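Trainee: To start, I am sharing the structure in question, which I have written as structure tokens.
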Amino acid sequence: MFSLKQNSWFIRKVVIWRAVASIAWSVLLLPVTTAVFVLLSRFSLFHPIQWISGEETNCTSLLMASSTIFSLVVLCGVVLITGFFNLEFYTLVPSIPCSRMALLGTVLHPRQCVHSLVYCTMGMLVMWCASVTIGGRYSTLGTPCRQSESGEVATCLNEYHLFILLAGAFMGYSHSFLGVVQNMYYVSFQPIQQYKYPRFKGCLLMVVKCSVVQALYSARNFAALYFFFGYIPKTWISSTLNLQIDSSLQSLDSLTGLLDFSLLYHLSISGTFLYLTWYLTVLLFRIYVTEAYSFPVQSTFTEDAEQCLPKVLTEKTTLVMKFLALQDLALLSQHSLSRRLEVFSLSQPGGHPHNWNAISGECLSLLSELTQRLVAHQDAVASNGRVKSPSASSDTRSASSSSSVVSGTEGIAETPRPSVPLRTPGSVFKSSVGGANSALTAPFTPDVNSPFSSPALRRLVGQQDPQSPWSGAVQSPHIMRRGPKLWSASTESQSNGSPLASPAPASVPSPPAANQKPSFLAQWLQNRREQVKSFLAKRVLIVYLFNKLPEASSQALFADSQAHIWALQGLSHLVAASFSEDQFGVVQTTLPNILSSLVVLLEAVDRHFKLPHASSKPVRTICSMGDSTYKTLRFALRAALKTAIYKITTTFGEHLNAVNISTEHRKRLQQFLEFKE
């Protein structure tokens, strides 16, 4: 998510101007889409010649009408607000809720409620412009009518106009709701870079198709909703505005009233015009924001050092700048010889490879973080969701993986091992680059402390109720928690020949004193609480809401893997290019660490794909503006990882036998040399 409070040079000089350019093009396209809508709104199936050549349907005269010009001004305001929301809510790391209750909490978030209210208002404005442009029976809310009893002329409620306005509000809420469910504000980067115009032209047909399909679905759903509850807004508005209801006309909240071909046709094309206006704004914003940006590798002046690629890669707050920097790294490693030579160059004076150390260090740090995340997730799954103690997890972990993760990054960007156990399910709502509460991912990142988050959700991110007897290592709700074996740490440490490590103060709870017994009231409340939990756990609706969604954890683990894919591509191509371009041998000093990190990550990825639902392909959506590429990022990462190792092994060949790496890693690399992977 973009925040106006961010004081970054990249936001001020690049992102905001790109967003302004996308909004400007959306405004310039409004007359074209409005002209097409005007022609289609006056379409006559039984008089096609009059529709084409008649003076009443002349495109120029209709566009120059005062009502159409005023509608264009209102539509420009709608596009400006839509562009602002795109800039405010966009995210590069999608939010993937693990349960339906988490998704419900996101939909009911106050920020999302305000977003839905604004889009309902904009939907009514666009549909009002459409009804005024169509004219006829849709033009005004009140129409003169003659009462049957007295014969006097009165102002009656025009239900056709009301029907169109309520349909706009319904479509606005549908767009806001689908923005959360389908991650419509998720901005992904294309694997093949294109210029803006060819990309827009290639996506235009898809946008029109999605607009038509979504408009038909919304028209069907709204017609069914109006059939059952249409009398409520009709009665309320007529009584509030003191408008009479014309009893001589057929009411629209009946089958006879809804089976009006002209009404359904105008509702469908108006909905298509509404969705097309919003979707074009979203598409142009995605195209402009994801356009490649070239960062200088090194600068002559000190004040420009923060804009150089090695410095930008370490950025943590401005996520869009970090992603574009990694994309630029992947592109320069493949297509720019002069910039690669700058990466391999030495500093003057001193003769140190600062550029290579910074770039390779950040890439290895990203890969090491992903490896630790995957290992922690596998430990959590293997222990049936229990969190292991630091000593137990470090002892039971395989020697090759743990040693390689540490040795693979030492000297470059050594990541200290945390003093608390890693909880992989917490990555469901934490990006590896931005963090859970990052300003770039905040609107669609569920808050585990909110009242909408479930106990299962808190357990996923490692937050447990300390008063619950089920907190800690529990395999079944029918088995009480066993006390920790206080002698296990010393026994294992002595058997391993390592000194006894003092446990953390919070890791081993102090035994309660004999006189500290829970009171009768506290014990009674605890028992009632467990009875309520047991009762709710047997209800079908509760199970449906709180059950974990399939593939959610696997998708969330790799939600930010586009950054890791670019790091793999950039690192592997730079290492391969160094075979003939590195004159000073700066890459050879870190080659063992790079190879070890790649092999360890490959082992972690291979183990992850053996877990349930990890290797299943997601279901393809028929037509949606929501970007679902994040669902296949784990497959793209695995392919990029193997491609990176093959790139290095095929370039160096048998020279890799001289690299100082472990025997296990050498055996795995030998399989790549023999093309057996």
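Backbone N, Cα and C atoms are what each Cβ position is placed from, and that goes for glycine too.
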Trainee: Region 'Disordered' per TrEMBL: which of the ranges 453-483, 484-514 is that?
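Mentor: Matching range for region 'Disordered': 484-514.
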Trainee: Which one, 15-40, 61-83, 263-285, has the most C-beta pairs under 8 Å toward the transmembrane segment (160-181)?
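Mentor: So the stretch in question is 263-285.
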Trainee: At a C-beta cut-off of under 8 Å, are there same-chain residues at least 6 beyond the transmembrane segment (15-40) that contact it? List them, or none.
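Mentor: Tertiary neighbours of the transmembrane segment (15-40) are 2, 57, 59, 62-63, 68, 71-72, 75-76, 79-80, 82-83, 86-87, 130, 133, 269-270, 273, 276-277, 280-281, 284-285, 287-289, 291, 320.
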Trainee: Mind checking which residues of the chain, 6+ beyond the ends of the transmembrane segment (61-83), have their Cβ under 8 Å from one of its Cβ atoms?
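Mentor: For the transmembrane segment (61-83), the nonlocal Cβ contacts are 19, 22-23, 26-27, 30-31, 34-35, 38, 42, 55, 118, 122, 125-126, 128-130, 132-133, 135, 277-278, 281-282, 285.
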